[in-house]
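Taken from TrEMBL as is:
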type: DOMAIN; residues: 254-426; note: domain '3-hydroxyacyl-CoA dehydrogenase NAD binding'
type: DOMAIN; residues: 429-533; note: domain '3-hydroxyacyl-CoA dehydrogenase C-terminal'
type: DOMAIN; residues: 570-660; note: domain '3-hydroxyacyl-CoA dehydrogenase C-terminal'
Amino acid sequence: MAQLSYVSGSVGLITLQNPPVNVLSAATRQGIMESMKKALNDPKVKSVVICGQNGVFCAGADIKEFGPNISGPSIVPLIYDIEVANKPVVAAIEGSALGGGLELALTCHYRIAHSKTRLGLPEVTLGLLPGAGGTQLLPRLIGIPASLELITTGRHITAAEALQLGLVDHVTQSDTVDSAVKFALSVEGEPLDSRRISKRPCPHLPDLDAVFEAVMQKARALQYSFFAQRAVGRWSMPSGASWNTSKARPVHRAAVLGLGTMGRGITVALAQAGVSVVAVEIQEKQLNEAREHVYATLERGAQQSGVSPSCANITYSHDIQAVADVDLVIEAVLEDLSLKEKVFQQLSAICKPGTLLCSNTSSLDLNCLASQTKNPELVVGMHFFAPAHVMKLLEVVYGSKSSPEAVATAMQLGKKMGKISVAVGNCRGFVGNRMLKPYIEQSYFLLEEGATPELVDKALEEFGFPMGVFRMSDLSGLDVGWRVRKEDGLAEPVGTSGQITRLRGGRRYSPLGDILCEHGRFGQKTGLGWYQYGRPGGRVAKSDPWVFNLLEEYRARLGLTARPIDQQEVLERCLYSLINEGLCILEEGFASSPEDIDVIYVFGYGWPKHRGGPMFYASMVGLATVLERLDHYYRSNPDVPSLKPCKLLRQLVASGSPPVHKWKEITKKIQNRL
């Protein structure tokens, strides 16, 4: 699976031929070894170029061969033989050079990359570290800090960044193999000692042990995240039913009811998974818009993946009767309880016996929806995250009467759609959104006390979130939360002269978000929110003096004096209140393990993967530290219940702060209130 040919008179061209991405299978390794031996022994060959077939250099090792009984030649002696070769070897890198593919390129004496190439060592996302010299070669080439960052995050970098780091010698926008051949001709006969990376000294850093320990914490978090993804598939319910005792039903035909943003994304995800879909929207205009949107999205996906679009297995209707003979329905209408209850009454009357009825609700009581049906055991939640055809997370919510078979079916369908499905109990906001509430509350309180949106977002983004809380809110739409708060009786008109009440329902409440919405500032959709965006639909967030003036006037009306707030306080109050709520969820039995919570936050809410998830992060910081800081902030803010350390946190600390995988031993002893 590697072919030697001769070009330009003196260049031996070795082409990896293992489609589609030229992984280093046993046959490929054998082919490279034989081709190299032949080229090096041929007196006519003065230099060698290694490239990949079909515009891809090499995507790494063949994962199917991982295990104790690897056949064929090992990759380590192979790359050693390339490095000690007495003729210059040039890697012509196109498409991708990942894992063992990048290690193969590193052992070559020179590296020429196309401008669109991606390079990286993603093994850590599989719970592994590079095993073919990458941990030794990369630091000698680009230094320890940059190497550690690539090795322990699994991040892919562009050719431009690789050139800046010194990882490649030249970047071309033309034919990569042609450029590599010309380069090989230019270095024929030159000394190679300085080009053998393993012979270079490794740069010394002061406090190297501390550097390695900090980085290894990231590697442990990524490995934890890898295994946590697999652990969530081993779900269980308080009834004792679990993944290995409950059989999923086959779903050949599904319906999506409501074709707004979420419904369209769910339709696309089902179609791409090969499920026949009935897409229902009673509004004719929205139905036609959805049809065009779904078609365009599937076409784009097909172009990127090189497979045929899945439009043929979708039928559209404005009549709810069209769902009569499907195996499963996913309701995605507006987040309004009375509307959803009416829909579930209709579905229960229309659908054939045994049809599973699923709701995409993000926070409403699933038991209320199930109570509107003849068979509440067939009702589960399938909470997708926008955009539903892209985001990997799926919360599968079981109510008090949901059958294990229904849960198993939803979990299996999620897996078929390429989702990471997590089974959770039925409480307000379920797991993800319930934990998000105190996180957002704390950010508002910090503004009241002297912080700015920029300060809060900067602290959270430097921690690793792709967006801080205020930029995220502008993206999602401030009116969404406003509508929920109004339905809960919390959001009251404030205006310019009305009295501001900071206590609602016996606890502190910040109306800052409500005030912005009263001014029509809904975020990116209106061009104004916590930031200004230049125009409705704009994406570039810029500081807005109007918000600064609002905060000053607001504090003055309440007699609040702004005080200095640093990034550490932002992180402690936002993250520790979120962690505390997660521990409450574990204590109450609405999530069966800390891994469930961590997977939800990494794949649904942008928690940085290299920090493992909120529960793992708490264990790394130290549960005693989290407890002490929460106690500190709660003493200063007794009207903020989310800062009061929960019973489980105190018990974990009292038990010696056991590692995450042993928390279940503690939670079993606490009364389950599910």
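Using N, Cα and C of the backbone, Cβ positions are placed for all residues, glycine too.
Note that TrEMBL annotation is computational and uncurated.
Keep in mind that this is a model prediction, so the values were computed, not measured.
A mean pLDDT of 91 is what the model gives for the domain '3-hydroxyacyl-CoA dehydrogenase C-terminal' (429-533). Across the domain '3-hydroxyacyl-CoA dehydrogenase C-terminal' (429-533), the DSSP tally of helix, strand and coil residues reads 54 helix, 7 strand, 44 coil. DSSP labels the residues of the domain '3-hydroxyacyl-CoA dehydrogenase C-terminal' (570-660) in these numbers: 67 helix, 0 strand, 24 coil.
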